[in-house]
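Read through the structure below, which is laid out as structure tokens, and then see the notes.
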Amino acid sequence: MSHQPLSCLTEKGDSPCETPGNGPSNMVHPSLDTFTPEELLQQMKELLVENHQLKEAMKLNNQAMKGRFEELSAWTEKQKEERLLFEMQSKEVKERLKALTHENERLKEELGKFKEKSEKPLEDLTGGYRYPRALEEEVEKLKTQVEQEVEHLKIQVMRLRAEKADLLGIVSELQLKLNSGGSSEDSFVEIRMTEGETEGAMKEMKNCPTPTRTDPISLSNCTEDARSCAEFEELTVSQLLLCLREGNQKVERLEVALREAKERISDFEKKANGHSSTEKQTARRADREKEDKGQESVGSEVETLSIQVTSLFKELQEAHTKLSEAELMKKRLQEKCQALERKNSATPSELNEKQELVYSNKKLELQVESMRSEIKMEQAKTEEEKSRLATLQATHNKLLQEHNKALKTIEELTKQQAEKVDKMLLQELSEKLELAEQALASKQLQMDEMKQTLAKQEEDLETMAVLRAQMEVYCSDFHAERAAREKIHEEKEQLALQLAILLKENNDIEEGGSRQSLMEMQCRHGARTSDSDQQTYLFQRGAEDRSWQHGQQPRSIPIHSCPKCGEVLPDIDTLQIHVMDCII
């Protein structure tokens with residue numbers, strides 16, 4: 001199947017039909033004789049697919065062009081912003097230089113004033129400078145002491161938190177045991193008690209004797225013992241919770257006190273720095289008196305700090321004592337739980353429940369251990385992060401120093417080569433703009449070419465529509481001609497049948513007439529032929545001659561002959577095939 005004729009038509013842009021209208025196929029353009037409707041449809045589909053592909057390519061090209069244009073615009077905006085930043089930095093640097101020059105001039109003037117003064121005020125100044133140095137040494141000592149105390153307090157806080165976690169685990173175990181006991185009132189309830197009530201409960205717990213074992217038959221006694229043990233365990237749990245709350249409150253208080261101490265230390269440092277600066281600038285006795293007052297206030301504040309630190313130590317010792325009491329309570333509770341387990345080890349169902357409880361406790365212990373390991377890992381990670389932060393801070397400080405040095409060098413270079421840099425930047429920007437304009441021009445040319453190809457394709461689509469209309473017309477003509485040919489063929493067959501009938505009738509008539517003429521001849525020539533055998537022989541001979549003559553007459557008129565070219569064919573089927581080929 002060749003696509004050359006349609007491609008030629010699409011390239012020229014002319015319509016494929018020179019003589020449109022309803023007519024025979026011989027009047028159509030000769031290039032369409034070799035095509036079938038299926039081939040034309042395939043070519044139409046291919047052209048539509050190519051058109052769609054071209055449209056998609058145009059869209060992609062437009063999107064790429066837009067993206068490049070946006071990138072160029074963003075690049076130009078970034079360059080503008082960088083220029084503005086450089087200009088702002090240069091202005092700030094100039095302002096800093098001016099401020100530094102003013103400060104240098106002021107310091108020079110102050111140095112000149114100090115030189116003009118006598119040696120006595122200089123000695124007074126040196127004597128006055130000794131005082132802030134002593135203050136600074138005292139502040140540094142206090143700082144070291146406070147830092148050591150802070151570290152010690154942090155360690156104690158960590159211990160308290162670990163003990164708190166252990167106590168919470170014990171409380172959860174006790175809750176599980178109480179829930180497994182089956183009593184309706186053994187759910188975990190927080191009981192807020194005052195300090196006097198807690199002390200009374202502790203005394204009662206110490207004075208109360210341990211319950212003795214009873215017989216396993218008496219169920220009522222067992223239930224009473226279980227209830228009393230549950231109540232006792234609830235009291236112990238509430239006391240443990242109170243201890244934990246008190247420990248948390250003390251830890252919070254200690255943290256607040258540490259923060260206040262740090263703030264006071266920072267205030268002292270600021271005051272010491274302020275005093276040292278005032279002493280360097282001025283050398284008068286009034287300032288010395290103020291500094292004496294400040295020293296007294298600093299000493300009083302140091303004393304208050306030491307008192308607070310001692311109070312904090314006392315509170316920590318109290319927390320430790322309470323924690324030791326809680327540990328003793330924990331041991332007692334464990335012993336009582338073991339006793340209860342021994343009592344309740346009679347029935348197999350209770351044994352199964354105990355085994356399940358043991359299994360759940362082991363699971364919880366494993367979970368607690370895993371959580372502790374995770375906490376340790378997190379602590380190690382935090383320590384590593386802290387070390388990394390320290391290293392990063394050191395590197396940051398180094399980078400800041402290098403940055404300051406670089407800024408100074410940049411200021412010097414900008415003063416020397418500002419004009420050169422501006423010229424080079426302008427040249428580079430102009431070159432980049434020229435390249436961008438060239439790229440835009442080339443893209444515009446490509447866009448124009450694509451538009452031309454689109455116009456050609458639209459024209460080709462119009463020609464394809466005309467071709468489709470012509471194909472429909474030709475198909476209708478072909479179907480009409482086929483119907484007419486079928487009708488003509490039917491009429492020919494009917495005529496052939498009529499001819500055959502007429503020929504038979506004619507033969508019959510001729511045979512009858514020949515017989516009559518023979519009879520007349522026989523009657524006329526009866527004298528000549530007397531023998532009957534001779535007459536029969538002549539009669540038979542004449543009949544044979546007539547039959548031969550009548551047999552030759554229908555052979556002279558052929559029935560199966562083409563109406564267009566006159567070719568004689570043996571059968572009707574071959575005649576139909578020949579007629580279709582001859583007409584087409």
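One is the number of the first residue shown, and numbering goes on along the chain from there.
For all residues, glycine too, the Cβ spot is worked out from N, Cα and C.
What Swiss-Prot lists as region 'Disordered' is 1-32 (among others).
The coiled coil annotation in Swiss-Prot covers 38-180 (among others).
According to Swiss-Prot, the feature region 'Interaction with Rab8' maps to 58-219.
Look at Swiss-Prot and you will find 186-191 tagged as motif 'LIR'.
Among the features that Swiss-Prot reports, coiled coil is placed at 243-278 (among others).
Annotated region 'Disordered' per Swiss-Prot: 267-302 (among others), in sequence order.
What Swiss-Prot records for 307-511 (among others) is coiled coil.
The region 'Interaction with HD' annotation in Swiss-Prot covers 414-584 and is backed by similarity to another entry.
According to Swiss-Prot, the feature motif 'UBAN' maps to 477-482.
Marked as Zn(2+) binding site by Swiss-Prot on the basis of sequence analysis: Cys562, Cys565, His578, Cys582. In the three-state DSSP reading, His578 (Zn(2+) binding site) counts as helix. When Cβ atoms from all protein chains are considered, those within 10 Å of His578 (Zn(2+) binding site) total 17, not counting its own.
With respect to Cβ neighbours within 10 Å, the binding-site residues Cys562, Cys565, Cys582 differ, and Cys565 shows the lowest count. Residue counts for the motif 'UBAN' (477-482) under DSSP, split into helix (H, G, I), strand (E, B) and coil, are 6 helix, 0 strand, 0 coil.
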